[in-house]
Structures are given as C-alpha cells and as structure tokens.
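**Student:** Structure in structure tokens, see below.
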Amino acid sequence: MNVYIWDMDETLILLKSLINGTYAEAFNGSKNVQSGVEIGKMWENHILQICDDHFFYEQVENCNMPYLDVLKQYDDGRDLTEYDFNKDGFGPPSDDLNKKRLAYRHRAVAHKYKKGLHSILDQDMIKSWSELYDVTDSYTDMWFSAARACLEQCAVGDRDLASSTVSTNDAGDTIFQHVNILVTSGSLIPSLVKCLLFRLGDLIPSENVYSSWEVGKLQCFSWIKERFNGPNVQFCVIGDGWEECEAAESMRWPFVKIDPLPSSFHRFPGLTPKDLGHYFSVVYGNSDEKDNDILAPSGN
C-alpha cells in the first residue's frame with residue numbers, strides 16, 4: 001500500500017500565489033495578475049463564509065486541533081440530532097466538559113464533510129461555487145482538475161475506479177487500494193472546508209486531514225506512520241515547502257517538490273503517479289516492474 005502525504009496550498013491547490021499575484025507574475029505578462037487576485041479573494045470569502053455558517057469556525061477558531069478524532073475519548077456518543085451548539089456553553093476553560101463539547105463539534109463536522117457541500121449549500125451558492133471552480137481551473141491551466149485526477153489515480157493504483165474491483169464497505173464508501181493524506185500548516189476547519197470546495201473530499205476523507213499548525217509536520221508524519229505502518233506500506237510526501245521536506249528527510253521518506261513556476265519540473269498539470277513511482281523506487285528499492293506499473297495511471 002502506498003501512502004501519499006500531500007501539502008495543500010501551492011500543491012493541490014493554488015490560493016496564496018493567486019492572492020499575492022506571484023503565480024501570474026511568473027508568466028511574464030501572459031496572465032492578468034489582477035484577475036488572479038480577484039479569483040483568490042473570492043475563494044477566501046467562500047471559505048470563511050462556509051467555515052462560519054456551517055462548520056462552527058467562529059466558536060472553535062481558537063481551539064485548533066491537529067485532527068478531528070484527537071478528542072474522541074471525550075465524546076460519549078450522544079445523539080446530536082437535536083443538540084443546540086449555540087446554547088451549550090462551549091468556551092474557555094479547556095476542561096473535560098468543554099473538550100466533550102468540542103468533540104461533539106468535531107463529530108458534527110465529520111458528518112457534514114462526509115455528506116458534502118451539496119447537502120448544506122443552497123442552489124445559488126452551489127452555482128456560484130461551481131462557476132468559480134471552472135474559472136479558476138481555466139485561469140491556472142487546469143491545475144485544480146489535474147491535481148484531483150492525480151489524487152484519484154494514486155488512490156486506485158492499478159484498479160479501474162469504475163470497475164467492480166474497487167470495493168465498498170458496509171456504509172457504501174469506496175475502498176481505495178492506496179491512501180491520500182493531507183497535512184497542511186493551515187487550521188483544521190478551514191482546511192477541511194478547502195478540501196470540499198476544491199472537490200477533494202471524496203478522495204481525502206476527513207480522518208485523513210491533519211493540521212500541523214501547532215504540532216509541526218514531523219509530529220503529524222510520525223502519527224501517520226504509526227497509524228499505517230506495516231511490512232508492505234510505503235510513504236511519499238508531496239509539497240512545496242521546506243518544513244515537509246525536512247520532515248520527510250527525518251522519516252527517510254521520498255519527497256517530491258512542487259513548484260508553480262511554468263518552467264518547473266513538478267507541477268500540475270504534469271505530475272503523475274508514475275513520476276511518484278520513481279521516487280518510491282529510489283527510496284524503497286522496488287525492483288519488480290509490476291510494482292511500478294501499479295503506480296501508473298490505468299491504461300499506461
């Protein structure tokens with residue numbers, strides 16, 4: 001099993017470089033810088049609005065956790081159908097009672113994440129979101145859709161997503177051959193919302209989203225290794241920053257550096273599971289050509 005550990009910003013998505021104009025400036029005048037800035041700011045507004053309106057962000061902004069299940073021990077399993085999150089008294093101090101209330105919110109977030117944004121947004125908002133995604137994907141030369149396609153190909157490996165060889169569990173969730181993990185330096189709740197907005201939620205389940213904001217990426221990587229480690233498990237880190245590079249080096253995992261510059265070696269569109277397979281081979285010494293074929297997109 002391959003475990004792909006992805007950074008989000010400037011890797012799976014472009015946002016900061018749109019807002020500050022550096023993405024467009026790298027194209028030496030062929031892209032309108034202001035258009036990119038406006039696109040980025042519209043995404044920021046969508047992210048904040050959905051965080052506040054549907055994912056308790058105003059309440060939990062100062063209670064960032066590295067992953068949703070971190071407080072699971074405090075969750076007594078209470079039915080939250082009629083629970084009033086606005087009147088339960090959640091706030092300081094961080095005692096056991098408030099940890100339980102935060103755990104309730106995390107469980108509700110996980111439930112909403114699994115159902116997807118179509119279940120909570122109205123039709124006008126869905127239309128606006130879809131149009132913005134298409135405009136952004138076009139402006140970035142299909143960076144977003146190419147990154148999503150790569151994630152999908154990484155997950156299914158040598159299986160065909162549409163075929164019966166991709167199994168499902170009792171809840172109807174697709175069981176993929178390999179695993180996509182997100183480790184981002186951003187706060188947890190906005191990062192989960194970004195996954196949904198940028199159409200990654202079906203490929204990265206909520207339990208596979210980690211925020212390294214307080215704990216650092218090396219700690220997150222250590223948790224991931226403990227969670228997935230086994231005799232036939234291989235890890236690969238893909239990102240644009242020094243912190244994930246150093247953490248991957250400490251774990252002795254391959255690291256693939258993403259660079260949005262148009263002349264860079266690894267970017268979207270362009271990066272494929274076959275490219276990542278070469279990094280696996282260098283670090284893990286795969287000698288069986290069949291193993292390398294598994295890493296290639298179906299049909300290659």
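Just so it is clear, glycine is given a Cβ too, placed from its N, Cα and C backbone atoms.
Features from TrEMBL:
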ACT_SITE  ASP7  active site, nucleophile
ACT_SITE  ASP9  active site, proton donor
BINDING   ASP7, ASP9, ASP240  Mg(2+) binding site
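I'd like to know what surrounds each of these features in this structure.
**Tutor:** On its own chain, ASP7 (active site, nucleophile) has LEU182, VAL183, THR184, SER185, VAL237, ILE238, GLY239, ASP240, GLY241, GLU244, ILE258 as residues at least 6 apart in sequence with a Cβ closer than 8 Å to its own Cβ.
For ASP9 (active site, proton donor), the Cβ neighbour count at a 10 Å cut-off comes to 18, with all displayed protein chains included.
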**Student:** Quick one: give me the count of other CB atoms within 10 A of the CB of ASP240 (Mg(2+) binding site).
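**Tutor:** So the number of other Cβ atoms within 10 Å of ASP240 (Mg(2+) binding site) is 20.
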**Student:** I want the residues beyond ASP7, ASP9, ASP240 whose C-beta is within 8 angstroms of the mean position of the Mg(2+) site's C-beta atoms, in chain order.
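**Tutor:** Apart from the listed residues, the neighbours are MET8, GLU10, THR11, LEU12, THR184, GLY239, GLY241, GLU244, ILE258.
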